[in-house]
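K.L.:
Dumping what TrEMBL says about this protein:
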type	residues	note
DOMAIN	16-264	domain 'SMP-30/Gluconolactonase/LRE-like region'
BINDING	E18, N154, D204	divalent metal cation binding site
BINDING	R101, N103, E121	substrate binding site
ACT_SITE	D204	active site, proton donor/acceptor
Amino acid sequence: MSSVKIECIASEGYGIGESPVWDAKESALLYVDITGRKVCRWSSVTKQVQAISVDAPVSSVALRKSGDYVITLGTRFAALNWKEQLVTTIAHVDKDKSNNRFNDGKVDPAGRYFAGTMAEEIRPAVLERHQGSLYTLFTDLSVVKHFDQVDISNGLDWSLDHKTFFYIDSLSYSVDAFDYDLQTGKIGNRRSIYKLEKEESIPDGMCIDTEGKLWVACYDGGRVLRLDPETGKRLQTVKLPVDKTTSCCFGGKDYSEMYVTSASVGMDKEWLSRQPQAGGVFKITGLGVKGVPPHPFAG
């Protein structure tokens with residue numbers, strides 16, 4: 001696999017870069033900086049980053065069928081009009097938990113927006129536990145809560161046949177699978193398909209490739225793992241030049257490029273001097289697999 005090439009495409013040093021998603025219409029990569037409260041868009045044409053500042057920690061961004069984007073902002077699902085730089089609240093969750101915020105989110109194959117919450121961190125990966133929940137914003141803009149007692153709601157995706165929902169609660173150090181009903185958006189029968197090893201550290205964001213294999217970014221592990229959800233085996237490890245890798249997605253013209261976000265929050269001067277690209281966004285080519293285009297929110 002010597003053909004794998006890693007390049008830093010945005011070295012802005014984000015606090016917590018997250019939720020990369022490819023926007024084919026703009027030939028651009030969308031992502032957020034949670035602590036920097038910014039939604040960013042890197043153009044593969046101009047190689048420039050545009051950013052919109054928002055009024056709360058913004059933890060995920062997704063495409064919207066009607067154009068523009070949806071985001072998770074604080075404890076709100078919201079719509080983002082890029083041109084007008086305008087944010088409109090759609091729905092509010094966890095109203096009784098003032099210390100909570102959304103974390104990762106993604107749209108399912110039927111156009112519903114899944115996203116989970118967590119307590120605000122005291123330090124990276126240190127927080128009040130069991131405060132989060134997993135939610136779905138349906139296309140009629142109603143919200144359903146699936147379960148609570150979540151530590152850090154994180155990576156999510158769906159199997160190619162849409163019958164399995166994959167999910168990560170980071171501090172469980174496990175990648176889990178649920179039976180998935182595409183008609184109703186209901187999930188059930190939770191089980192662990194992969195437990196992380198010590199040096200792999202904390203599972204964070206994830207995505208799926210066209211062979212049905214999962215890619216999981218490891219926070220503090222400085223790597224992305226390729227896993228077989230059928231056998232529970234690790235197939236490949238791609239190491240990055242930064243420790244705090246947070247999430248990954250496929251993009252580019254034919255979805256053969258992988259984009260990986262990272263964080264710099266909690267790193268001291270000495271650590272940052274060893275890893276000057278911490279908080280950057282990386283492009284990986286030569287993996288020999290392609291990804292699945294993101295689903296747009298249909299509401």
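Each position is counted from 1, following the chain as shown.
Cβ coordinates are placed from backbone N, Cα and C, and glycine is handled just like the others.
In TrEMBL, annotation is done automatically, which means it is predicted and not curated.
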K.L.:
Spatially, which candidate from the binding-site residues R101, N103, E121 is nearest to D204 (divalent metal cation binding site), comparing Cα atoms?
P.N.:
N103
K.L.:
Of N103, N154, which of the binding-site residues has the most Cβ neighbours inside 10 Å?
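P.N.:
Result for the most crowded candidate: N154.
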K.L.:
Given the binding-site residues R101, N103, E121, state which is nearest to E18 (divalent metal cation binding site) when distance is taken between Cα atoms.
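P.N.:
Closest by Cα: N103.
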K.L.:
Distance between N154 (divalent metal cation binding site) and N103 (substrate binding site) at the Cα atoms, whole Å?
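P.N.:
N154 (divalent metal cation binding site) to N103 (substrate binding site), Cα-Cα distance: 6 Å.
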K.L.:
Looking at the binding-site residues E18, E121, which one has the fewest other Cβ atoms within 10 Å of its own Cβ?
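P.N.:
Fewest other Cβ atoms within 10 Å, among the binding-site residues E18, E121, is found for E121.
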